[in-house]
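Visitor: Below: one structure in structure tokens.
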Amino acid sequence: MTRPSLRAAHECDLRLYHVTDSALSGGIGAVPAVVLAAVRGGAGMIQLRDKDATDADLVELVEECRRVLGAQLGARAAQIPLVVDDRLAVAEQTRCHLHVGQDDATPAYAREVLGPDLMIGLSTGTPAQVREALAAGEADLLGIGPIHSTATKTDAAAPLGIDGLTACLAPWHEAARTVGSPLPRTVAIGGIDETAAAPIAATGVEGICVVSQIAAAADPQAASARLLAAFTRGAGQASNSGRGPAGRPRIGHRIGHGIGQEDQA
């Protein structure tokens, strides 16, 4: 039986995944408004990341984002997963999804704490790390990067580029041809702007994680809409050329049916 968290991951529209940055948005208090704008522009998942915030600050941020999305989007807010970066204790307290890096709590330990229902994302940056994550089977989402140079993560590794992303996706595509059960979803992260979105989509990766192009934008909603449109164009070209991720095991996947573009409520 498929783990509930993996099933949930396959129900998400991951084409555009916004990772917040309190400093770029003008302070942690401004983040909920940016999150709402990103969702209205098409973001299907939100990661709350603030390395300088206390756990208490992040708990409050999770609660405020839930309040704002619920008030503005109603029942549709439940379709937008909120993910906490790194802070397992916060994820446990708020029953929020979690993203971890290679040097954070392991997905296996996080799974013991959070149980089978909450999604766990894992940062990867080499084909070996992707292969290990697939073998371990605890992650529901693999973030691959950095694709391009980025100033939002001071400890980021050297950029992978398109060739490096393609190499990291190779074990995933190999597993897709041989594994009979659903695989973790894949997203690319690191220095991604509107120009880079389409070439990245052409690799067959399922989505892009974007920080500064949304968090620092004068109009985060419009920026999100442009990023989503660019990625979707690239994904369509990949699908038409046979390079997309079609054919692998899926569960009720709703990609292409995001709720974001201009609030319809």
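Each Cβ is built from the backbone N, Cα and C atoms, and glycine gets one as well.
Remember, predicted model here, so these are calculated numbers, not experimental data.
Not my notes, these are from TrEMBL:
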type	residues	note
DOMAIN	16-214	domain 'Thiamine phosphate synthase/TenI'
BINDING	Gln47, Leu48, Arg49, Asp50, Lys51, Asp85, Ser123, Lys153	4-amino-2-methyl-5-(diphosphooxymethyl)pyrimidine binding site
BINDING	Asp86, Asp104	Mg(2+) binding site
REGION	234-265	region 'Disordered'
Visitor: Validating a neighbour-count step here. Other CB atoms within 10 A of the CB of Asp86 (Mg(2+) binding site): how many?
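Guide: Here the count is 19.
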Visitor: Grab the pLDDT values for the domain 'Thiamine phosphate synthase/TenI' (16-214) and give me their mean, rounded.
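Guide: On average, pLDDT over the domain 'Thiamine phosphate synthase/TenI' (16-214) sits at 96.
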Visitor: Round to the nearest Å and give the CA-to-CA distance linking Asp86 (Mg(2+) binding site) with Gln47 (4-amino-2-methyl-5-(diphosphooxymethyl)pyrimidine binding site).
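Guide: Given the Cα positions, Asp86 (Mg(2+) binding site) is 10 Å from Gln47 (4-amino-2-methyl-5-(diphosphooxymethyl)pyrimidine binding site).
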Visitor: Since the record lists Asp50, Asp104 as binding-site residues, which of them has the fewest other Cβ atoms within 10 Å of its Cβ?
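Guide: Minimum Cβ neighbour count within 10 Å, taken over the binding-site residues Asp50, Asp104, occurs at Asp104.
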Visitor: Roughly how many angstrom lie between the C-alpha atoms of Arg49 (4-amino-2-methyl-5-(diphosphooxymethyl)pyrimidine binding site) and Asp104 (Mg(2+) binding site)?
Guide: 14
